[in-house]
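Colleague: Copied straight from TrEMBL:
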- Tyr22: active site, proton acceptor (ACT_SITE)
- His97: active site, proton donor (ACT_SITE)
- Asn71, His77, Asp84, Ile98, Ser99, Arg108: substrate binding site (BINDING)
- Arg17: site 'Transition state stabilizer' (SITE)
Amino acid sequence: MKILLLNGPNLNLLGKREPEIYGTATFEAYFADLQKRFPTVNLSYYQSNIEGHLIDKLHEVGFEWDGIILNAGAYTHTSLALGDAVAGISTPVVEVHISNVFARESVRHHSFIAPNCIGSISGFGLRSYELALKYWVDKG
Ligand code: DQA
């Protein structure tokens, strides 16, 4: 099973960025841990701060891979183009957020991604990603 974890802008700063909201672990350390804990899943990770690169990645994997776990960061709330990219591919996408976006500013309550996803997971810290991953693992 091939699953891509796709992170958008500023998520390369995890560990240093607003730790009171996003925690102190780096994504690289969390990803290495996930690979150990889910050895039967072929997990890949890609991060970009550039909207077009995220769209290119969705096009590249979005017709063959089994699943995509997408944290589009602030593009979630601004990017019709990313929403269209998710709508345009056949690989199912789960939207994730580290923080509970609904407990934050109202600008974060809207998502261009969510209507085109199987579902959304928000507010469980980095565990949001493994909850999404478990969807595919449990489904088999
Ligand atoms: C985020 C929430 C977004 O509103 C924010 O812009 C981010 C991170 C999260 O994971 O909690 O960059 O997607």
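Cβ atoms are placed via backbone N, Cα and C, with glycine included.
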Colleague: Considering only the recorded positions Tyr22, Asp84, Ile98, which possess a Cβ situated under 6 angstroms from at least one atom of ligand 1?
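Modeller: With ligand 1 as the reference and 6 Å as the Cβ limit, the list reads Ile98.
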Colleague: When neighbour density is defined as the number of other C-beta atoms within 10 angstroms of a residue's C-beta, which of the binding-site residues His77, Ile98 has the lowest density?
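Modeller: Looking at the binding-site residues His77, Ile98, the Cβ with the fewest others within 10 Å is that of His77.
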Colleague: Over all pairs within Asn71, His77, Asp84, Ile98, Ser99, Arg108, the annotated substrate binders, what is the largest Cα to Cα distance, rounded to whole Å?
Modeller: 24
Colleague: Just to confirm: which same-chain residues, 6+ apart in sequence, have a Cβ under 8 Å from the Cβ of Ser99 (substrate binding site)?
Modeller: Ile21, Tyr22, Ser122, Gly123
Colleague: Under DSSP, is Asn71 (substrate binding site) helix, strand or coil?
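Modeller: DSSP assigns Asn71 (substrate binding site) to strand.
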Colleague: If one looks at the chain holding Asn71 (substrate binding site), which residues at least 6 apart in sequence have a CB under 8 angstroms from its CB?
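Modeller: Leu6, Asn7, Gly8, Leu11, Glu95, Val96, His97, Ile98, Ser128, Tyr129 - these are the non-local Cβ neighbours of Asn71 (substrate binding site), listed in sequence order.
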Colleague: Which is it, of Arg17, His97, Arg108: the one of these recorded positions whose Cβ has the most other Cβ atoms within 10 Å?
Modeller: His97
